Amino acid sequence: MSLSTLSHPAAAAAAATGSGKSHFRTAPAAQSVRFPKARPPVPAAVSAASAAVHADPAEDRVSSLSQVSGVLGSQWGDEGKGKLVDVLAPRFDIVARCQGGANAGHTIYNAEGKKFALHLVPSGILHEGTLCVVGNGAVIHVPGFFGEIDGLESNGVRCDGRILVSDRAHLLFDLHQVVDGLREAELENSFIGTTKRGIGPCYSSKVTRNGLRVCDLRHMDTFGDKLDVLFKDAASRFQGFQYSKSMLKEEVERYKKFADRLEPFIADTVHVLNESIQQKKKILVEGGQATMLDIDFGTYPFVTSSSPSAGGICTGLGIAPRVIGDLIGVVKAYTSRVGSGPFPTELFGEEGDRLRKAGMEFGTTTGRPRRCGWLDIVALKYCCQINGFSSFNLTKLDVLSGLSEIKVGVSYSRPDGQKLQSFPGDLDTLEQVQVNYEVLPGWQTDISSVRSYNELPQAARLYVERIEELVGVPVHYIGVGPGRDALIYK
């Protein structure tokens, strides 16, 4: 198969400097990004679904996606974004993460049904012809990143030459994780319920401009001084944070080794992605977390520290808004949430336990049991306003099998009965809303083996179509199980 190459600008710069003495690392001059010219074959699941509905436009769902497309969460996370990215990846040259870090947990399965729980590595990694990019908007915990790579390679997944990490991405240190726990302890009754992965403190370092970036690993002569500032800042803010010069020395030595191993992965991903767009390469953006956890648009302060909505694609990858096309919103057939924060449609007692057990609702990253409730149309419409979704992937429809009736939260009212016209930004208002429900009939049939939309029970189809009517966005993909093939194309 013939190959085209896209050289790293870092490689060109290294070559231009000649053999003059330098105290910092540069990328090898021969380093390049290689793409297969021919698109990999469509997965069997897609081919089978297409063959089954040959006369239906559904066969074009995957191939008709725009050059730059995105998969974003449209609730509070854990919707099943990784599975859809894994299914779509063979149709794309690049899969890119634009924000977040190891707080995101994406569970995917290979063709043999083996489970992979990814946190930072993009979900396209299981497909040999796909290049995976971790953009500048992400935060990189280097030991965790290497741990994921080691786990993948020990299971036969080749990562060498297939992952690029932005030189502009910020480094997340163990100290950020320590600070995360100390801050949660200080908040006491205002417990936010973070993943304790250090995400918030790392983004805080970024905003206060004392954070370190991946490119700083190429300047180890000044790395220690910059890290010293970070350690001292943490020690000045938290009494429980112990710091010494020996700790700093140990961490610097540790990162010298990390720098050597990480070097082949480092690239100017802004350049790589924009050059790829010019070359008509197809890019799939994989969002972490979800819109209702967005730092600006989520249920603040019970949110993440980045922008997992459409705007985060541009700021987290360095690509222009005009090049972004289809955005697929991934929405669970019910709702779940990890940690604290408002949850208007939450179910308690046996009803909540039933959804939690049937859906195996335990966090990929934390293992914590997720809070569960009915589908919230008000929140979903709000997410659509922010992101402009072209379609939905409705996941875990099979979990609702066996219910005699299914409720959908269609509107909010104040305690005095006044109906709200939009999703409230004020937390006090949101905590007091009364949810108005629409009741739909359930179905008793196990639908986990269904692969054609018309074969779903009538009540299941009614549920899907009612969601489309209420929100005004078509459902193109329906998940009926965890496996790669457990997907219906509508």
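Along the chain as shown, residues are numbered 1 onward.
Using N, Cα and C of the backbone, Cβ positions are placed for all residues, glycine too.
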Would you please say which range out of 14-36, 152-174, 198-220, 221-243 has the annotation region 'Disordered' in Swiss-Prot? 14-36
Going by a 10 angstroms cut-off between Cβ atoms, which of the binding-site residues N103, T107 has the sparsest surroundings? T107
Is G77 (GTP binding site) helix, strand or coil when read with DSSP? coil
Close in space, distant in sequence - R370 (substrate binding site), Cβ under 8 Å, 6 or more apart: D78, S336, R337, V338, R356, E361, F362, G363
Would you find the one among the recorded positions H106, R368 whose Cβ has the most company, meaning other Cβ atoms within 10 Å? H106
Which of G77, G80, G367, P369, the listed binding-site residues, has fewest other Cβ atoms within 10 Å: G367
Starting from the Cα of Q289 (IMP binding site), work out which of the binding-site residues (K83, T107, P369) are within 10 Å. none
Spatial neighbours of H106 (active site, proton donor), counting only the binding-site residues G80, K83, V480 and Cα distances within 10 Å: G80, K83
